[in-house]
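So that you can see what the record holds, here are the features copied from TrEMBL:
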- B:SER148: active site, nucleophile (ACT_SITE)
- B:ASP318: active site (ACT_SITE)
- B:HIS351: active site (ACT_SITE)
- B:ARG217, B:ASP352: substrate binding site (BINDING)
- B:43-323: domain 'AB hydrolase-1' (DOMAIN)
Protein chains: 2
Amino acid sequence: MPEDSRFGPARHVTLPGPFVVDSGAVLGTVDVGYSTHGDPRHPTILICHALTGDQHVASPHPRTGKPGWWSRMVGPGLPIDTSRHFVVCANVLGSCMGTSGPASVDPASGCRYAMRFPVVTIRDMVRVQALLLDHLGVGRLHAVVGGSMGGMQVLAWAAAFPDRVERAVVIASAARHAAQPIAFHEVGRQAIMADPNWRGGDYYDGPPPAAGLAVARMAAHITYVSEAGLTEKFGRRLQNRPDGATGAKSFGFDADFQVESYLRHQGISFVDRFDANAYLYITRAMDYFDLGEEHGGRIADAFRGSRTRFCLVSFDTDWLYPTAESRAVVKALHAAGAAASFVELSSPFGHDAFLLDVPELDRVVAGFLAS
Amino acid sequence: MPEDSRFGPARHVTLPGPFVVDSGAVLGTVDVGYSTHGDPRHPTILICHALTGDQHVASPHPRTGKPGWWSRMVGPGLPIDTSRHFVVCANVLGSCMGTSGPASVDPASGCRYAMRFPVVTIRDMVRVQALLLDHLGVGRLHAVVGGSMGGMQVLAWAAAFPDRVERAVVIASAARHAAQPIAFHEVGRQAIMADPNWRGGDYYDGPPPAAGLAVARMAAHITYVSEAGLTEKFGRRLQNRPDGATGAKSFGFDADFQVESYLRHQGISFVDRFDANAYLYITRAMDYFDLGEEHGGRIADAFRGSRTRFCLVSFDTDWLYPTAESRAVVKALHAAGAAASFVELSSPFGHDAFLLDVPELDRVVAGFLAS
């Protein structure tokens, strides 16, 4: 790999502005936290992360020390092969891991943006990624790959920059956010904003709205797993009690059931690594996502003339972005004359399957990227 | 109808105790708010209400002024025919509409119970109803009918008092609460308990934890409706703005989407009529519900030798207590040698279908009660 401070895990750049977001608001400059893996002379694969993901796709998370969130997919000899591709992953605009978002300091005022940060869109996220790639000297992309909100970015990439995207891998995603996922996001936002520590978003000099954010995460987490998966993993099994008693009901409000304890842990561990305002902004961007919006509802019109090759994957137990959403995208792509393949994979993991051990997903991704 | 202060809508009785609940705790006396309709000399039908329901099944709600929650099902000439049956519906133990619960004053201390109220079970609710029926002079029941948590009470009735229950109508329910519904309940409880106004349950001399209860209701409400129903009713349609603009994104955090506004309304209107602690207690009772628990997991053993005739109904779009749950009950009943019929009805309304306009449900209930 060439010696160049632009390349490697855990990098950071301040891109010169002004950057005009879809709402019309202007950011003077944009910070971007990102990681690269592999040799920049190789064909580039851009990975787009999901709602609560980040740029630490294949290297340890700096706060939790855990392995990269897709380290089973990205690395030497893995389906996204860093010995043959230059892999880039950037924290999205609006997030809290180095890229400008509500927790960032506004250079103009010297204060945190908080809710003065502009509401951004998935397309804004993608345009920042394009500027980052310009900075890295990357023109065309061998592929853009992402699951869930990452898949929305992949579709937005292919729509906004068709000439830069050779291949697009869209996993467990949708071309527009439907009513039920909007509803779940709204529950999460209301939970955060109901927390008195939220204080209109200006909580950075005090305690964060941790309780609200934990509730938001708990509600969201249920949508990430399958009903059968929860039953299989926990069923109605009871926790062992702190006093050592096994599996007895407390007749109280402690976490009697293992599934309660698991959910509480999901909520509590999340608040240590994520900013509540960023959660508001990113869920809003997802809710606003609708590739048909500018085309009278016709998603196909977003892809007319595209020469990008698309690969869509859904999971049979994903009820958040179910197979029907992927099918709708494929139908639109075919109507636009684009090349699109689609597979529904079987997995017990629900929506989270794209992050977990699904060997068939590895084969599909590896095969499509080598094609 | 005979002149008797025990009969009529919006009645109240204090039942002498002591009443020992399943946890072993003792209530000195038990208040019961209930309604009756029809002539007490007619065969009695007991109606069991759902989580946030009450005794106002066919008469206006005293707080909201709205018609009874099942007034399309219960009345003269309706499927549950009050001109031919004596109909009783009681507010459940642990609730907040006249029956003893955490918001009640503990006669022993003169203070509100709050979290000092014992955790109760579905069977405790049913045993209080049995005591109420004793007080009303009702022995055998022509039928016990209920949907959702009401259906759990029907099953608990048939298991605890097989000789008193001639017919059991169980709609959109389950014989034990599964992991996913427990998980949703836990989100709601955490939302309530995270509200600083909750104050360990002792909020009765101050503002209630309205924000937390509203979030709990919003999360729960999503589970009551079908994904297709939400899409059909709201899709991605935008609210008209307060400034009169139609259907424009605000690029802010107001309720842009109609589905957001609808959910917020569900949350806000709920807190005016329901006690947050009661919500904790009743969800807990549902989570504890498992008819197989005392029989090594074998639900059938709860119904051995039963001569009750059962009618089970599920709805094809109900993902909270899906058809598989009803099928499992029917299978257990058949294994126990009990007479059980089952039908899955088609409805766009999801779990809430049991409360809404589903003419086929009316026919099923009317036909079974006349059999």
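Backbone N, Cα and C atoms are what each Cβ position is placed from, and that goes for glycine too.
Features recorded in TrEMBL, as mapped to the structure shown.
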residue: B:SER148; record: active site, nucleophile; Cβ neighbours (10 Å): 27
residue: B:ARG217; record: substrate binding site; Cβ neighbours (10 Å): 24
residue: B:ASP318; record: active site; Cβ neighbours (10 Å): 28
residue: B:HIS351; record: active site; Cβ neighbours (10 Å): 26
residue: B:ASP352; record: substrate binding site; Cβ neighbours (10 Å): 22
Model confidence over the domain 'AB hydrolase-1' (B:43-323), averaged pLDDT: 96
Rounded inter-Cα distance in Å - B:ASP318 (active site), B:HIS351 (active site): 4
Distance from B:HIS351 (active site) back to B:SER148 (active site, nucleophile), taken between C-alpha atoms, in Å: 8
Between B:HIS351 (active site) and B:ARG217 (substrate binding site): CA-CA distance (Å): 15
Three-class DSSP secondary structure - B:ASP318 (active site): coil
